Amino acid sequence: MILVTGGAGFIGSAMVWKLNQVGYTDIIIADSLGTSEKWKNLVGLRFADYLDKDDCLHKLLAEKFPRLDAIIHMGAISTTTEKNLDVLLRSNYEYTKELAAFAVQRSIRFIYASSAATYGDGSQGYDDDESKLHTLRPLNGYGYSKHLFDLWAQRKNLLSKIVGLKFFNVFGPNEYHKDDMASVVFKAYNQILQHGYVKLFKSHHPNYADGEQMRDFVYVKDCVEVMFWLLQNAHVNGILNLGTGKARTFKDLVTATFNAMGKPVQIEYIPMPEVLRDKYQYFTQAQMRKLYAAGCPVRFKSLEESVSDYVKQHLEKSIPYLRAAD
């Protein structure tokens, strides 16, 4: 039995899809659906049970749960503009501490989502060397809530027993409920359909031209391949970056979207909101040596391949969601 928290969300539901792909359905999903549309991510998937995330934790701690082989903890408040630190810390820090302690005490495989947001402005680089954790300075509350757990796990000497994944800019199917937090590919696709052009933020940094801001964009299907490999290789632990290791520009990303749709490239550059300017990352690129040194065989698709698959196999389909039969 595998517990996937955040299992109705973007990466969580993609992981359930990957498990379904290999014939595994003995899965419990924990999440909080509220009024969001993310329940639609579950419709085409196969799993044993669904639980509210708080009920799930209570049942776990009360020992009212079937024997678990693994906990894949993707549940979090992932809005980078969330201002309420009490809410962020309850969900992203306290909840994760409870789950991690439970898993380690019972020798249950524990894989959790950290974030590239923990790296802040990138002045300390994007190296997942755990000896450098204390030097990182996140720029927003979300990044801080994730960083705080990484530090706690390090202090408690848990990083040799669990896996934390620092996801970079993930995009792909099942992100449709994320509204403002959805990827640029998804937003670009819809802007192209509606207007024929895409809006991108102007650069407010002298070293970067408009559209030349760079990110490590990684396809969700590649991410879940890595996560599945980690499930199978319980000797691999610690904090690991999860990106492609190759930064690309937003202009590249949008151009790939236009090309996948067979449309001419038209980009309009607009001013970046003042509220974002002092928190904006102009360059992110995962240092991937550690994952490969651990023996991970997954090779990431190019940006163009990934965007083409997303557009043609999902966004242009009448049912764009990942399904167990796919």
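Glycine is no exception: its Cβ is also placed from the backbone N, Cα and C atoms.
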Among ASN169, ASN233, which residue does TrEMBL name as a further substrate binder in the site formed by ASP180, LYS187, PHE201, LYS202, SER203, HIS204, ARG215, TYR280?
ASN169
Which secondary structure state does DSSP assign to LYS187 (substrate binding site), in the simple three-class scheme?
helix
Excluding its own, the Cβ atoms lying within 10 Å of the Cβ of LYS187 (substrate binding site) add up to 18
If I take the alpha carbons of TYR142 (active site, proton acceptor) and LYS38 (NADP(+) binding site), what is the distance between them in whole Å?
20
If I restrict to non-local contacts, at least six residues apart, and a C-beta distance under 8 angstroms, what lies near TYR280 (substrate binding site) in its own chain?
HIS204, GLN213, MET272
For the domain 'NAD-dependent epimerase/dehydratase' (2-243), would you mind checking the mean pLDDT of the predicted model?
96
Close in space, distant in sequence - LYS178 (active site, proton acceptor), Cβ under 8 Å, 6 or more apart:
PHE10, PHE186
